[in-house]
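**Student:** Got a structure for you, written out below as structure tokens; questions coming shortly.
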């Protein structure tokens, strides 16, 4: 590359004189001249390059020129001579350009050197050749990709000083533009910095180009830095600059910042264009400041005389839908359409999605149909939204209809949508439809191995074992070989259905196909047999596993220990745990210890549970919430409340929070000790800890107050329970009715019994005994008779329990006519009696009432059924 040092160009002293006085030293010039008849008509097109400026009608050199060839001219005319001629034509840029084209090839000219920079300065001196200077700089940067901006700027400045040219901002700006045109944004940024250092005012369009490139490249900080430098030298930019800064803020997900930029520009009295208004609206929507967005839409119409674009209106509609304001979203859409702007698919999709979220599928469907009527074709997203919401609302006929419409217009559903459809069909008990959709998606290459696994898992989780089997066969027919994961899921489904023979046969089939069982395979089978109380078959699987030299891991041993505890072999489970720790050096998890502790608690052996807890701590295993909950429950059941409280203190010292089951056990324990004050204090702590009491907790408290005859407190709890949305169960009603009848409140007891029947809860033997023993007393009959007459006078229909009590009372006292009359009256009113209660009341066979403490112990379904 030609050096930029001028000392090597000149031949002092005579050539130095020539630069000072460009006249030749003789009447015959020694420099080559272009032909005088050369055309000087030069286009102003900025896209034209310097190469187009070579002589189109080049003739032989003039007679006064030396007889040398062009190649000789290129090789032997040195830069000093060319510069002398150029300086002589400095006031005629077109002539200077023609001379350079003739004497120096373009590729050599763009290598750099003083000739290039002198020509640039000459071209910049005339408005007619500005574009030529700009294009030359673009080519120069392209030919010198490694020349850093600092060197370029120094050459530009140095050449202007040495050859007496005025240095204008245009020269620097054209150099900046050259870097931009060559996509050298790193050098463009450096060049901009050098310009700012020299207090050169940049051309705003060029800076905008730099900002645009940086924003597109997500170099937001660099873009902001350039803008700040721009402002420091007094250049605020134009609307495009503002747009770029706002886009940068939106890319950073800082819409508030974009809004501030817009407001700052408006405060300076700027006149925003449509695009700037649109960006401001988008920023306001993302803030979201929808009041501002609507104000901007109105202001835009007022200042520009035209409504916003479809894209801008769509932004506002989408924002209102996100805020859940469907009414305003529809109003904006109607306004848009009223201005003759067609509804966009994006806006329509957003509105449809909003209607669906608000469970207004009818309106969503109407909008979808309206969109089609207006000639707007639904896209993949629109169809997917409709199908997804129909599936969520279990309207599978509509879902399938839209799914097929989607395919009919050749829009391929995504794998996610296929999965949603299959899941919906399975929930709707339509496994055949699910299989058909899968088969269709497979033919369309939408389904793949991973998706097959997910769909198969859906079948298994929902207990659709037959459909899962058909699916497995379908996969095999299509060449997809099921792996061990498929077989594990199939076995798990059979185990959950208690089909252990089928689970075992699947295991055998897997072995026949040469698939190796893994830890989950054995765990599933072993756990399944233990849960079905089939200890023998569980051990058969364990022995088969050991015989195959399979190395069991902690998962399997945890399963075995947990299973032994479930079948009442807790001591055996503990022995196995100790052997694993001692012989195999296994570090068993907290789960195994918890299973053993819970096993001992269930059989009432709290001492062994505590011993296991201590061993657990000695072996370096920290107890968790489950551990303490099991122990607290055991102590409460064995009426050792002091130890239960001690466990809670230890739990808190380890920074573990009591969970709802632990609180439930403590509350139940104190209720059974008739310590309702402590029980209710614990109950009051639950909301403060973010725990919602369940039906078991309420039942314990209601039972406790009933045992003490405090039915007012029990009624208050019942009302709170209902207000909190906790559904009462059979035990709740049994306890309440028992207490109310003993308290003589037959009216409320009757209402609760009717409520129980209305909810579809079937009374059991215990409730029947409570009713018979409570209603068969002489006092209750008289009270019920009086209540019946009062209700009739008030034209209020008595309930079945009240009728049954009065009829049975008359029957026992021999008033058969009155008994039959009331029976017929009851049937005429459409009241169907409870045969069991009625027969017991009439027969007079009254069982001994269960003790209150006995009834209160039946909180769990297991204990209730065993009574």
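A Cβ is built for glycine as well, from the same backbone N, Cα and C atoms used for every other residue.
Swiss-Prot feature annotations, pasted as is:
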TRANSIT   1-49  transit peptide
COMPBIAS  60-72  compositional bias 'Polar residues'
REPEAT    273-307  repeat 'PPR 4'
REPEAT    309-343  repeat 'PPR 5'
REPEAT    414-444  repeat 'PPR 8'
REPEAT    448-482  repeat 'PPR 9'
REPEAT    553-588  repeat 'PPR 12'
REPEAT    659-693  repeat 'PPR 15'
REPEAT    764-798  repeat 'PPR 18'
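Describe each of these features in terms of where it is and what it packs against.
**Tutor:** On the 0 to 100 pLDDT scale, the repeat 'PPR 4' (273-307) averages 88 in this prediction.
Across the range of the repeat 'PPR 5' (309-343), the DSSP-based residue counts are 26 helix, 0 strand, 9 coil.
Here the repeat 'PPR 9' (448-482) has long-range neighbours at 415, 418-419, 422-423, 426-427, 431-432, 434-435, 438-439, 441-442, 489-490, 492-494, 496-497, 499, 502, meaning same-chain residues at least 6 beyond its ends whose C-beta is under 8 angstroms from one of its own.
Sequence-distant contacts of the repeat 'PPR 12' (553-588), counting only residues of its own chain at least 6 positions beyond either end whose CB sits under 8 Å from a CB of the stretch, comprise 519-520, 522-523, 526-527, 529-531, 533, 535, 538, 542, 545, 595-596, 598-600, 603, 605, 608, 612, 619-621.
Only residues 6 or more beyond the boundaries of the repeat 'PPR 15' (659-693), in the same chain, are considered here, and those with a CB under 8 A from a CB of the stretch are 625, 628-629, 632-633, 635-637, 639, 641, 644-645, 648, 651, 700-701, 703-705, 707-708, 710, 713, 724, 726, 853, 856, 859.
For the repeat 'PPR 18' (764-798), DSSP puts the residue distribution at 27 helix, 0 strand, 8 coil.
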**Student:** Counting by DSSP, what is the helix, strand and coil composition of the repeat 'PPR 4' (273-307)?
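**Tutor:** Across the repeat 'PPR 4' (273-307), DSSP assigns the residues as follows: 28 helix, 0 strand, 7 coil.
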